[in-house]
Amino acid sequence: MNNYFNKLTFIQKIKHLGQCRLMKKNEFSDGVRALLSKKIVIIGCGSQGLNQGLNMRDSGLNITYALRRDSIINQSQSYIRAMKYGFSVGTYDELIPEADFVINLIPDKYHESLIQKIEPLMKYKAVLGYSHGFHIVEIGVKIRQDITVIMVAPKCPGTEVRQEYQRGFGVPALIAVHEENNAYGTGMELAKSWACSIGSNKAGVLESSFVAEVKSDLMGEQTVLCGMLQVGSIFCFDKMVEDGLDSGYAGKLVQNGWEVITEALKQGGITLMMDRLSNVSKLRAFELSDQLKNILTPVFEKHMEDILDGSFSKNMMLDWINKDCKLLSYRQNNSQLLFEKAPVYCETILEQTYFDHGVLMVAIIKASVELAFDIMVKSGIKPESAYYESLHELPLIANTIARKRLYEMNMVISDTAEYGNYLFSDFVLPLLKKEFVPYLKRGDLDLSHVNNIVHIDNILLRDINEMIRTHPIEKVGVQLRSYMKDMVSLSF
């Protein structure tokens, strides 16, 4: 595929993929000063557009929304949202020519046509912002040289961007300046100011590149973040129902279980998550995790290869041309899942029960997080970026499932993430049912094994604990989580 990334030399590709630096807190001492006097126009009022705009306004910035003329006339959902929260709204022709800083927060599929419309309207030396670099990297359209192009990519859905800000904190973000569009050398200061305005400076910011953000983001969302949560939800629910468990209980265990289990992941990595299990369950989860890795490694590697060479993007863009035929078909099929239709279970499930009854769910998380991290790092992506795109974002995506199951997750994430998620889960789910089910035991999704007398091999337990603690993702996780010590814990 002839895109920006594929036009780079091999050395340039390695450089861009490996661009990653954890920024120091004192680098953000100027706060939002660089943007205080700017007229900022956000295009798009979806999940990221609305919630970033709310944070930026609360940080003292001047925010308006530019929408298509027909969206205003017909009072689209974006128009209704912007008006509900008291923002000024105008057309592209009305707002873009006066804007100092234009932030493009519409879905990836519309970026190319949008830039064709707004670039002639943008004033000399204006700034163009993205929160995902797909248009720059995968399509590769050149932006006018006098325009500075920057990115702030929060590592979570838009709803969580707002919630963490309202808690007085923020979410980690990757920031970058497109090296072909930084003629005046102001891009980084503006990107830092933008990051401060949404609260990311409080949670950890990586200085990255458009390439590293796009390739790691696509890999994370397709595999561990959305793909495996979807596969795991369907697989675990179906298995419990097949084993005779009440469908309401099974639905609640899965729906809320990801959030409860990954809260431990957020606070203390895989080590803490595994420590919430009994010794018997920990040994079993470790064993199941290894089996999953053996089955899934070729699949994860294939997704990474397709992302790097552009095959994934090419096929998705063909679906755009075909009016999202595949995406809409996947979406319809997903709405008919038994898990999505499971009855509400009204009785309380205690926090520890989610761990005790969800050994398989813990194993799925461990396997997919470590596998995605390892493959990204092998591909040239730095451990810090790989951590944010695997372990860190997982609890934030799990929170969406806890609200309204897979429907909520797929509604909140981008169309790009949703398409990749379906592509992954459509292949992996039958694979696991064929190759992984034979390894399962009754106790992997209930407590039946706990009452059995099991001899614990102390040496084996010691060695497994050591392997868990010394995995590279645990080492980088300790450093990155230190920036998030003010993060509020969820209670269940």
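Sequential numbering from 1, following the chain as shown.
From the backbone N, Cα and C atoms, a Cβ is placed for every residue, glycine too.
Residues or ranges marked as domain 'KARI N-terminal Rossmann' in Swiss-Prot: 17-208.
The NADP(+) binding site annotation in Swiss-Prot covers Cys45, Gly46, Ser47, Gln48, Arg68, Ser76, Ser78, Gly158. A helical conformation is recorded for Gln48 (NADP(+) binding site) in the three-state DSSP classification. Long-range Cβ neighbours of Gln48 (NADP(+) binding site) (same chain, at least 6 residues apart, Cβ-Cβ under 8 Å): Leu105, Ser131, Pro154, Pro157, Gly158, Val161.
If you look up Swiss-Prot, you'll see 209-344 marked as domain 'KARI C-terminal knotted 1', on the strength of sequence analysis. Confidence in the domain 'KARI C-terminal knotted 1' (209-344), given as mean pLDDT, stands at 96.
Taking all protein chains in view, 28 other C-beta atoms sit within 10 angstroms of the C-beta of Glu389 (Mg(2+) 2 binding site). Annotation source Swiss-Prot lists Mg(2+) 2 binding site at Asp217, Glu389, Glu393.
Swiss-Prot lists Asp217, Glu221 with the feature Mg(2+) 1 binding site, giving sequence analysis as the kind of evidence. Annotation for Glu221 (Mg(2+) 1 binding site): same-chain Cβ neighbours under 8 Å, separated by at least 6 residues, are Gly227, Glu389, Ile413, Ser414, Thr416, Ala417, Gly420, Asn421.
If you look up Swiss-Prot, you'll see 345-487 marked as domain 'KARI C-terminal knotted 2', on the strength of sequence analysis. The domain 'KARI C-terminal knotted 2' (345-487): residue composition by secondary structure is 110 helix, 0 strand, 33 coil, according to DSSP.
The substrate binding site annotation in Swiss-Prot covers Ser414.
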Query raised in the report: Where Ser78 (NADP(+) binding site) and Glu393 (Mg(2+) 2 binding site) are concerned, what is their Cα separation in Å, rounded?
Result: 26
Report task. Return the residues near Ser76 (NADP(+) binding site), defined as same-chain residues 6+ apart in sequence whose C-beta is under 8 angstroms from its C-beta, sorted by sequence, else 'none'. Result -> Leu67, Asp70
Query - Residue distribution over DSSP helix, strand and coil in the domain 'KARI C-terminal knotted 1' (209-344) - result: 118 helix, 0 strand, 18 coil
Report summary line: Within 10 A of the CB of Ser47 (NADP(+) binding site), the number of other CB atoms across every chain shown is 20
Requested in this report: Only counting partners 6 or more residues apart, tell me which same-chain residues put their Cβ under 8 Å from the Cβ of Glu393 (Mg(2+) 2 binding site).
Outcome: Lys155, Cys156, Gly220, Leu225
Query raised in the report: Between Cys45 (NADP(+) binding site) and Asp217 (Mg(2+) 2 binding site), what is the CA-CA distance rounded to a whole number of Å?
Result: 21
Query raised in the report: When you measure from the Cβ of Asp217 (Mg(2+) 2 binding site), which residues in the chain that are at least 6 apart have a Cβ under 8 Å away?
Result: His132, Ala153, Glu389
Report summary line: Across Gly46, Gly158, listed as binding-site residues, the smallest other-CB tally within 10 A is for Gly46
